[in-house]
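Novice: I am attaching a structure below and will ask some questions about it afterwards.
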């Protein structure tokens with residue numbers, strides 16, 4: 001269909017373009033034919049130019065008409081009223097020359113309105129063909145007439161495409177095709193390929209270039225259906241794109257989660273005669289694996305072999321990756337070894353995929369075996385090999401193994417990265433090893449390794465939480481020196497550090513510096529600063545800060561209000577906290593669990609347990625439960641007050657509301673009931689904890705063991721101890737101390753007839769426990785030594801008791817009054833008053849003043865000794 005418009009201005013616009021072209025040709029002649037002192041361009045006046053153009057047009061427009069354009073329709077002439085050309089080509093030498101020539105002429109538009117031909121598709125093609133040696137002028141003309149309303153058809157596009165291709169202006173072709181895709185056309189784009197020659201001077205077929213450009217243009221705009229439609233329409237009409245273009249489209253569809261479309265296109269193209277290459281099959285294998293179709297992916301290898309296409313290492317690696325991606329890393333590793341046995345050379349990347357797969361499945365031992373295997377095969381692991389394993393061990397909390405692998409990596413010359421260090425430092429901090437995290441950072445701080453803002457942020461925060469704001473500030477300055485810009489997180493960490501130290505002056509200074517650098521504090525920053533003010537009792541400054549938030553356009557949220565309430569309580573301003581809480585409630589801002597929870601926690605902080613419990617009941621009446629943290633604090637306070645009925649009621653309400661108490665809350669309750677000897681309830685709570693999927697910690701186990709020992713149920717205590725060693729957390733010194741106490745108490749409960757035998761048994765068990773402690777790297781503390789000394793004294797093993805006392809002194813542990821009194825009592829009971837008196841003198845020498853119990857024990861010992869002496 002020919003484009004046309006009946007307007008007298010077309011002739012003027014057409015004349016302007018011809019003027020530019022004629023000027024260009026004349027300027028070129030002047031440059032290459034005449035001396036600079038006598039340029040021909042200056043001899044041609046403006047009034048002569050239209051005549052020259054008309055003459056040139058009549059001579060040349062009948063030439064170079066392509067044979068496939070003989071059927072073009074002759075549309076009515078299209079005329080225009082006005083035109084303002086706008087050229088901006090700056091990319092090639094030819095473009096630069098075009099600008100120079102164009103700018104060297106002037107033209108009076110009024111003088112070019114006569115004697116020019118009328119414009120239609122046929123004339124446009126004629127002009128374009130005559131500009132084949134001036135491709136930029138041809139493209140400019142093409143765009144000008146389009147901009148003036150002329151509607152190009154398939155043949156005009158075909159002509160300009162051929163010109164651009166033959167001139168090597170591929171960037172211009174790409175832009176033209178993008179516009180073709182974006183704009184509404186009066187023809188089906190796939191028909192364009194019928195107008196294009198099959199080759200271009202022996203080079204790659206123009207149709208392939210156009211196909212590639214169109215497909216990429218569609219893909220860039222997310223027009224996937226249109227791209228697929230173009231390929232299939234052209235294919236159905238006997239014109240298939242190059243295999244590279246098909247591969248691009250199929251891969252692009254897969255990367256945009258359109259695997260089904262990609263696979264359907266692949267099969268349809270094969271029906272149309274498309275010959276896939278090894279890369280095509282590799283892409284389809286990737287797609288099938290992404291969709292979990294592992295068997296279909298394996299079948300693709302068979303199809304490749306039937307077509308005589310040999311899978312390469314990349315194909316096999318893609319298949320292995322897909323298998324591992326679907327959680328079948330064991331199968332992937334088996335395939336890797338099979339491929340290797342057939343002589344296919346696999347690289348580090350292939351092994352890394354399997355290592356990553358095993359790590360993703362938390363099969364870290366298998367992943368390490370793959371690492372060892374690749375080294376045995378002479379393939380050196382790289383940073384990615386170790387990264388998967390290190391992060392895997394970090395995720396399961398095995399920092400010893402993670403750090404060991406990191407050292408192994410460095411020792412083999414593989415450089416670490418800030419990402420790996422980030423995982424290690426984050427995991428160390430998460431496990432309470434902030435000092436070790438800082439040491440790791442300091443080790444690489446000046447090693448030349450690039451450390452990013454995230455890593456600096458972690459360590460700055462770690463230093464701040466350790467209270468070392470001075471070093472944290474130095475790190476901030478160091479970041480700036482390395483052209484790393486601190487963000488709001490870095491500043492907020494530093495503010496938090498100063499607030500923790502109670503240094504609000506520096507905290508506020510950092511806050512001001514943050515604002516001056518153009519960073520806007522967020523709600524978290526304000527909350528931290530408000531909390532710091534509150535804890536210092538700076539009530540007015542806190543409320544001024546809230547006003548500052550509002551001025552910045554930040555609305556204080558529930559966390560802000562709860563932070564202020566709890567902070568005021570923490571700072572001893574309970575009345576101010578109550579007043580603020582009441583104001584919030586009156587304004588309708590405090591009717592939420594968060595603010596009530598903060599007030600309950602605040603009461604608990606100040607040991608106002610009664611008020612906290614009353615507020616809890618008030619909130620429960622509204623069928624709203626405080627936060628689990630507030631409930632846990634309330635339970636803890638009630639347990640300390642031995643008000644276990646109320647504590648249990650709060651716990652039961654938490655459970656009924658679907659809030660699962662944490663291990664600390666359960667431990668608090670279990671310890672409280674065990675302390676009172678109610679082991680039935682303590683055991684019920686323990687069973688309840690297990691049913692809810694929680695893991696009892698060392699405190700919970702120790703509380704139960706101690707409780708059973710207190711009520712002389714040593715057998716139950718020992719069962720729990722063994723269970724703890726097999727399933728639970730590692731016993732600590734307190735756990736062993738509770739068991740020691742239990743063993744000694746049991747022997748004292750035995751009948752006198754069996755006490756002798758039990759003493760030997762108890763001594764044996766205690767010796768075993770002491771050895772077990774040493775194997776675990778645990779050493780008795782003061783309380784443990786005191787229990788052991790007391791027990792040995794009571795079973796008349798005074799020599800062992802004294803040896804333990806000496807061992808304690810040798811380890812640098814200073815005995816307290818209780819430890820001395822325990823040993824003094826032992827000697828007094830054996831009638832050795834002199835030794836007991838010497839211990840009293842030793843106490844005084846160490847600056848320990850004997851208490852009433854010590855003197856009472858000594859006095860009782862003296863009396864007992866006199867009685868023994870009198871009886872003799």
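Including glycine, each Cβ sits where the backbone N, Cα and C put it.
Just lifted these from TrEMBL, have a look:
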REPEAT    207-241  repeat 'PPR'
REPEAT    242-276  repeat 'PPR'
REPEAT    277-311  repeat 'PPR'
REPEAT    312-346  repeat 'PPR'
REPEAT    347-381  repeat 'PPR'
REPEAT    382-416  repeat 'PPR'
REPEAT    452-486  repeat 'PPR'
REPEAT    522-556  repeat 'PPR'
REPEAT    592-626  repeat 'PPR'
REPEAT    627-661  repeat 'PPR'
REPEAT    697-731  repeat 'PPR'
REPEAT    781-815  repeat 'PPR'
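Explain the structural surroundings of these features, please.
Specialist: Among residues of the same chain six or more beyond the repeat 'PPR' (207-241), those with a C-beta under 8 A of the stretch's C-beta atoms are 161, 165, 170, 173-174, 177-178, 180-182, 188-190, 192-194, 196-198, 248-249, 252-253, 256, 258, 261, 265, 268-269, 272-274.
Here the repeat 'PPR' (242-276) returns a mean pLDDT of 91 for the predicted model.
When the repeat 'PPR' (277-311) is classified with DSSP, helix, strand and coil residues number 26 helix, 0 strand, 9 coil.
Same-chain residues lying 6+ beyond the ends of the repeat 'PPR' (452-486) with a Cβ under 8 Å from its Cβ atoms: 418, 421-422, 425-426, 429, 434-435, 437-438, 441, 493-494, 496-498, 500-501, 503, 506.
Listed by sequence, the residues of this chain that lie at least six past the ends of the repeat 'PPR' (522-556) yet keep a Cβ under 8 A from its Cβ atoms are 488, 491-492, 495-496, 498-500, 502, 504, 507-508, 511, 514, 563-564, 566-568, 570-573, 576.
When Cβ-Cβ distances below 8 Å are used as the criterion, the repeat 'PPR' (592-626) is approached by residues 558-559, 561-563, 565-566, 568-570, 572, 574, 577-578, 581, 584-585, 633-634, 636-638, 641, 643, 646, 650, 653-654, 657, 659 of the same chain, each at least six residues removed from its ends.
When the repeat 'PPR' (627-661) is classified with DSSP, helix, strand and coil residues number 26 helix, 0 strand, 9 coil.
Counting residue by residue with DSSP, the repeat 'PPR' (697-731) contains 26 helix, 0 strand, 9 coil.
Outside the repeat 'PPR' (781-815), and at least 6 residues removed from its termini, the chain residues within Cβ reach (under 8 Å) are 733-734, 736-737, 740-741, 743-744, 747-748, 759, 762-763, 766, 822-823, 825-827, 829-830, 846.
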Novice: Other than its close neighbours in sequence, what residues sit by the repeat 'PPR' (697-731), given a CB gap under 8 Å and a spacing of at least six beyond its ends?
Specialist: 663-664, 666-667, 670-671, 673-675, 677, 679, 682-683, 686, 689, 738-739, 741-743, 745-746, 749, 776, 778
Novice: So which residues does the repeat 'PPR' (242-276) touch in its own chain, when a touch means Cβ under 8 Å and the partner is 6 or more beyond its ends?
Specialist: 204-205, 208, 211-212, 215-216, 219, 222, 224, 227-228, 231-232, 235-236, 283-284, 286-288, 290-291, 307, 309
